[in-house]
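**Student:** Next up is a structure, given as structure tokens.
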Amino acid sequence: MFAAKNCCRMVQAVLGTQVGFGLGFLVPSMIVHDSDDLNSIGADFRTLCWILTIYIIPVATAIIFYFPRYPALPPTIAQAEYRKLQKPTFKEFCSRFSNILKKPGMILLTVAYGINFGSYATFTTFLNQFILQYFENNQKDAGTMGLLSVAVGIVGTILVGIFLDKTHKYKETNVFVCYMTAISMLAMAGAMKMQNMVLTYIACISVGFFVNSYWATGFELGVELTFPSDESTTSGILTAMSQGTGFLVCWAMGPFNKNFGAFWSMITLTTIFLIGAVLTQLVPNIKRRQEEFQKNINEAKDIVMHKV
């Protein structure tokens, strides 16, 4: 990925995905309308699927035929070293993969990341149902809340990225973001219980601000823990875990929400976020990438001093 040397690449990488998530809240609620007629709902879904298909075809074509395999200049030290080597065999890739998973800190982060984003995926999936249980006929408000939460989350991601560039406090930032996400989720549960739409909007936006920030900070912490392993492998492990956990939590939340309602569903998600925050707090504060950068800087200074 192309990025300035003083920028968090992962922060830049997730922005486009977050924009897509934001549109995913707004557009479907505008096209698919609630109705007692299942045929009408099915027709709306068909229209939505055709729109997505027409939109995705040129994007996929551009990716296949236009985008280069990798940038001309290696964006990281790990990539530079990787390009010097011959193309790794499947056995070598498996060995590198297993080496990442042997790091206790990475295992803790993977579980915590999966729990947090699995819970967020469940929250966004059931957001419409949660809102309608307390605010009838407010489908568009649910879509708007989702859009605003992601839009503010993009701002949060940028701000957190700048903060990480200046301070390199990866673990501390992750822990703070995790706890604030849990607090925001709890606040939203209370706001819905009070049937206060304004407070519900504010709490939902707060959830989006912190949890979308965690998306990038989690990747950055993972890279620090596993350096010099390839960043794409580390981020791939975290993403796979979050998707798998998201499926399980969504699958369990369906009957739970039906039997106990939105309030207790939100309280359950808050508890899961707290568990993720505690696990994140247990991750060792290791900065292998920063240590390597500092080592290279010191070696360069020594070379300059000797020449002088």
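Think of each number as a place in line: the chain as shown, counted from 1.
Backbone N, Cα and C atoms are what each Cβ position is placed from, and that goes for glycine too.
TrEMBL entries are annotated by machine, without manual review.
Remember, it's a predicted structure, so these values are computed and weren't measured experimentally.
Pulled from TrEMBL, these are the listed features:
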TRANSMEM  12-33  transmembrane segment
TRANSMEM  45-67  transmembrane segment
TRANSMEM  105-123  transmembrane segment
TRANSMEM  143-164  transmembrane segment
TRANSMEM  198-216  transmembrane segment
TRANSMEM  262-283  transmembrane segment
**Student:** Does the transmembrane segment (143-164) come near the transmembrane segment (198-216), with 3+ Cβ pairs under 8 Å (pairs 6 or more apart)?
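**Tutor:** As far as Cβ distances go (cut-off 8 Å, pairs 6 or more apart), the transmembrane segment (143-164) and the transmembrane segment (198-216) touch.
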**Student:** Which sequence-distant residues neighbour the transmembrane segment (198-216)? Criterion: at least 6 residues beyond either end, Cβ under 8 Å.
**Tutor:** 8, 10-11, 13-14, 18, 116-117, 120, 123, 127, 131, 134-135, 145-146, 148-157, 159-161, 174, 177-178, 180-181, 184-185, 187-188, 190-192
**Student:** When you scan the chain for residues with a C-beta under 8 Å from the transmembrane segment (262-283), skipping those not six or more beyond its ends, what do you find?
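**Tutor:** That would be 105, 108-109, 111-113, 115-116, 118-119, 122-123, 126, 129-131, 133-134, 171, 174-175, 178-179, 181-182, 185-186, 188-189, 192-193, 221, 225, 249, 253, 256.
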